[in-house]
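Undergrad: OK, Swiss-Prot features for this one:
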TOPO_DOM  1-5  topological domain 'Cytoplasmic'
TRANSMEM  6-34  transmembrane segment
TOPO_DOM  35-39  topological domain 'Periplasmic'
TRANSMEM  40-60  transmembrane segment
SITE      Trp48  site 'Substrate discrimination'
INTRAMEM  64-67  intramembrane segment
INTRAMEM  68-78  intramembrane segment
TOPO_DOM  79-84  topological domain 'Cytoplasmic'
TRANSMEM  85-108  transmembrane segment
TOPO_DOM  109-143  topological domain 'Periplasmic'
TRANSMEM  144-169  transmembrane segment
TOPO_DOM  170-177  topological domain 'Cytoplasmic'
TRANSMEM  178-194  transmembrane segment
TOPO_DOM  195-198  topological domain 'Periplasmic'
INTRAMEM  199-202  intramembrane segment
SITE      Phe200  site 'Substrate discrimination'
INTRAMEM  203-216  intramembrane segment
SITE      Arg206  site 'Substrate discrimination'
TOPO_DOM  217-231  topological domain 'Periplasmic'
TRANSMEM  232-254  transmembrane segment
TOPO_DOM  255-281  topological domain 'Cytoplasmic'
Amino acid sequence: MSQTSTLKGQCIAEFLGTGLLIFFGVGCVAALKVAGASFGQWEISVIWGLGVAMAIYLTAGVSGAHLNPAVTIALWLFACFDKRKVIPFIVSQVAGAFCAAALVYGLYYNLFFDFEQTHHIVRGSVESVDLAGTFSTYPNPHINFVQAFAVEMVITAILMGLILALTDDGNGVPRGPLAPLLIGLLIAVIGASMGPLTGFAMNPARDFGPKVFAWLAGWGNVAFTGGRDIPYFLVPLFSPIVGAIVGAFAYRKLIGRHLPCDICVVEEKETTTPSEQKASL
């Protein structure tokens, strides 16, 4: 990370990076739902994964490319991330997701309107939830609230644990510039295998920001509830955070502690004062 990188610059990077991955991902889903594109689950998952990889390449040198509140919180708790940056990062991520969803909607506006007119869909009705799913995630109708929470928790735990593994040079061969692509591939694999259950949110900003936009764009409360008695937005908002904490904890305790180097060593060296460095010589 550049020594001249400031919190403002890092927040801008998180805003742009999160916005970029939402632009590609939501754009792909919009193409599928209202433009007649013929994407299967694997193609959609790959596009999301590549979008994340591109966003990481864009922002990693400035902010570390968290792009996800669950990742930010887990890194704060288990990888020495500065707690003073947690809230600014999360706000930037949610704002980036919101703005990207709005941008995709603006670019596809005529197609959304024509699709609703052709299929006699009243925006804001329960029948419009599927179209609202262009922007954020909703569960398979055959699973309940608790099952959806469990799915998101498990897949985010796997995501977080493997992110730490892929970015930990002490764990095997250093990945360097390949790490973003490997993380993108990881997301694609998770999406292809578990996406049909909940839409593989794994990211509170990715889901909540676009849900707020959909609410403002006319979908109203159904954007948050998903047409269910218990508001569904609570699942992708909180379950990924729990999952990321579990995944980071599991990696540190089951894998990281047995490696020759510690995740926090770099951060500790960076925070050591010149006088402390001299004293240690």
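Counting starts with 1 at the first residue shown.
Backbone N, Cα and C atoms are what each Cβ position is placed from, and that goes for glycine too.
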Undergrad: Are there three or more C-beta pairs under 8 angstroms joining the transmembrane segment (178-194) and the transmembrane segment (6-34), sequence spacing 6 or more?
TA: no
Undergrad: Out of 40-60, 85-108, 144-169, 178-194, what stretch is closest in contact terms to the transmembrane segment (232-254), meaning most Cβ pairs under 8 angstroms?
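TA: Looking at each of 40-60, 85-108, 144-169, 178-194 in turn, the most contacts to the transmembrane segment (232-254) are made by 144-169.
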Undergrad: For the topological domain 'Periplasmic' (217-231), jot down how many residues DSSP puts in helix, in strand and in coil.
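TA: Result for the topological domain 'Periplasmic' (217-231), in helix, strand, coil order: 7 helix, 0 strand, 8 coil.
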Undergrad: Between the Cα atoms of Phe200 (site 'Substrate discrimination') and Arg206 (site 'Substrate discrimination'), find the distance and write it as a whole number of Å.
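TA: Cα of Phe200 (site 'Substrate discrimination') to Cα of Arg206 (site 'Substrate discrimination') measures 10 Å after rounding.
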Undergrad: Distance between Arg206 (site 'Substrate discrimination') and Trp48 (site 'Substrate discrimination') at the Cα atoms, whole Å?
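TA: Checking the Cα atoms of Arg206 (site 'Substrate discrimination') and Trp48 (site 'Substrate discrimination') gives a distance of 11 Å.
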Undergrad: Quickly jot the same-chain residues contacting the topological domain 'Periplasmic' (35-39) by Cβ under 8 Å, restricted to those at least six beyond its ends, or write none.
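TA: For the topological domain 'Periplasmic' (35-39), the far contacts come to 28, 47, 108, 111.
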Undergrad: Treating G and I as helix alongside H, and B as strand alongside E, what does DSSP give for the topological domain 'Periplasmic' (35-39) in helix, strand and coil?
TA: 0 helix, 0 strand, 5 coil
Undergrad: What residues elsewhere in the chain lie close to the topological domain 'Periplasmic' (195-198), defined as a C-beta under 8 angstroms and at least 6 residues from its ends?
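TA: Distal contacts: 41, 44-45, 137, 139-140, 143, 147-148, 151-152, 235-236.
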Undergrad: Around the C-beta of Trp48 (site 'Substrate discrimination'), how many further C-beta atoms are within 10 angstroms, looking at every protein chain?
TA: 26
Undergrad: Suppose you look only at the topological domain 'Periplasmic' (195-198); what would the mean pLDDT be?
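TA: Taking every residue of the topological domain 'Periplasmic' (195-198) together, the mean pLDDT is 97.
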Undergrad: Can you tell me how many other Cβ atoms are located within 10 Å of the Cβ belonging to Arg206 (site 'Substrate discrimination')?
TA: 34
Undergrad: Where does Phe200 (site 'Substrate discrimination') sit by DSSP, helix, strand or coil?
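TA: It is coil.
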